[in-house]
Amino acid sequence: MSTTYIPYRLDGKVALVTGSGRGIGAAIATQLGRLGAKVVVNYANASEAAEKVVSEIKSFGTDAVAFKADVRQVAQTAKLMDDAVAHFGSLDIVCSNSGVVSFGHIGEVTEEEFDRVFSLNTRGQFFVAREAYRHLNNGGRIILMSSNTAKDFSVPKHSLYSGSKGAIDSFVRVFSKDCGDKKITVNAVAPGGTVTDMFHDVSQHYIPGGEKYTAEERQEMAAHASPLTRNGFPVDIARVVGFLASNEAEWVNGKILTVDGGAA
């Protein structure tokens, strides 16, 4: 008896999501598991949070495991991919989510801060993509993380973060050519303001005079940046990643999908 094919499902696929112990990464890992994929939940420090994500994914009837790796370190990135393949037997989807945020006027940014941001947001993602190419099955998916501030939305004192994500847009365009020999598609999502712990920590920078308002007031104000007059949440990003990971997204390649509710 043949199994009925269900569009957008990921049954039989193995996915790896970096930085997926919390926030957007956790939502992505959970969504891929909900769609049927087995998931490697990567974390750098928050092991307890990562194990909670693993438990939630397993509740959907699929499998998951948490592996620690700091993707700033290329050797750890390579080992993470090796361990994923050793554990599940193959690898079909790699989502690069790890990142840090930064604010600072150009006249005040230090070399140390520049290196902190670019070592993860840019260099880290480059080598996640390289190792993904080396480890993925033919027809796999690489999905990187950009930002609407890379191109569409300018924020004062946000040059380091915006620039670190702008490089991702160029990577995606060229990687999609390099990965064609293995029929691997390469895309990125570019979230706008998304309500996470990080959002509450830095939302005052995105709203003029934001220091005068409470976190709750800033969140309400941010909702009006979109014509839909609501905030973005991690699940909004995760659903788009789920689509890009599916067979139905095969003809989407080398693209940046902005996910901001029309805010930019």
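Cβ from N, Cα, C; glycine included.
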ILE24, ASP70, ARG130, TYR161, LYS165, THR196 bind NADP(+) according to Swiss-Prot; which of ASN97, ASN231, ASN247, ASN253 goes with them?
ASN97
Out of SER146, THR196, give me whichever of these recorded positions has the highest number of other Cβ atoms within 10 Å.
SER146
For the recorded positions listed here (ARG130, LYS165), which one has the lowest count of neighbouring CB atoms within 10 Å of its own CB?
ARG130
Let me spell it out: for each of the recorded positions (ASN97, SER147), count the other Cβ atoms within 10 Å of that residue's Cβ, using every protein chain shown. Which one has the most?
SER147
